[in-house]
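Look at TrEMBL and you will find 6-70 tagged as domain 'DUF1899'. Among the features that TrEMBL reports, repeat 'WD' is placed at 79-113, 129-171.
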Amino acid sequence: MSFMEKLVRQSKFRHVFGQAVKNDQCYDDIRVSRVTWDSAFCAVNPKFVAIIVEASGGGAFLVLPLLKTGRIDKAYPTVCGHTGPVLDIDWCPHNDHVIASGSEDCTVMVWQIPENGLTEPLSEPVVVLEGHSKRVGIVTWHPTARNVLLSAGCDNLIIIWNVGTGEALINLEDMHPDVIFSVCWSRNGSLICTACKDKKVRVVDPRKGKIIAEKDKAHEGARPMRAIFLADGNIFTTGFSRMSERQLALWNPVRVTAVSVTSRSQTRHRMCTTSTRFPARSPKEAWATCLKEA
């Protein structure tokens, strides 16, 4: 091995290039929302793909059967019950026809999608959850318990709801002094991890209402960061360094100590992005592939 080979870290992805699928296998001509919020703007399950879109006079999102690819008619019916822009959506893991949405109108709504998809605009939700005083930017279903939904708003409040009754089960207050960028359940739903604007990653036991671990300055950059639980219980985060270099990190959730930290200056990364053209595959599968290969 030469001296230069010792200095330069090689990557097996160095000469790997993606190839776009054909137009008839994409969801084309969709006016994806331009709202200034750090969101994926789409969610998918085995039957449908949902995409947050531009809408006048409120918020809306499309729900398309997975096989309905190609150019989407601008008159295609939408889910349009919110009075403000929709910021986040999430499919129920226990029912492929139920989806939750959070909006700038400070509400969370749960919707029942017809068996064969939408044939007309849907404006009547199954339930409206009201408890936030500012816009709701995060909604995520409990992975194992039915009818349990978590929402997080710009009021720095996390609420865990019983969707069946429309009541709040748990309010997690005074844990986050600033905007919450991301929330993720652990695989069995016993813990949640959060990423906050104060640059801390927290592991919270929602039943006890306690922070069991936290890491200050998980990523030192000022731009938003995200944190998710992995299947093995570790926490994966993405953020930025002080020099605005993208960083990926793996953390031990017990002590929130770094297992591995990688920055763009050390290796080349592939970015998972959403645009007006989506390949006809699961965005969650694509994101999982990126994590696996990184």
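Cβ from N, Cα, C; glycine included.
Remember, TrEMBL labels are computer predictions, not curated facts.
Owing to the predicted nature of the structure, the values given are computational and were not obtained by experimental measurement.
Long-range contacts of the repeat 'WD' (129-171) within the same chain, counting only residues at least 6 positions beyond its ends with a Cβ under 8 Å from a Cβ of the stretch, are 37, 39, 84, 87-94, 100-110, 177-180, 182-189, 192, 194, 204, 206-207, 209.
Counting residues 6+ beyond its ends, the repeat 'WD' (79-113) has Cβ neighbours under 8 Å at 33, 35, 37, 39, 42-48, 50, 52, 55, 58-63, 121-130, 132-141, 143, 146, 149, 151, 153, 161, 163 in the same chain.
Across the repeat 'WD' (129-171), DSSP classifies residues as 0 helix, 24 strand, 19 coil.
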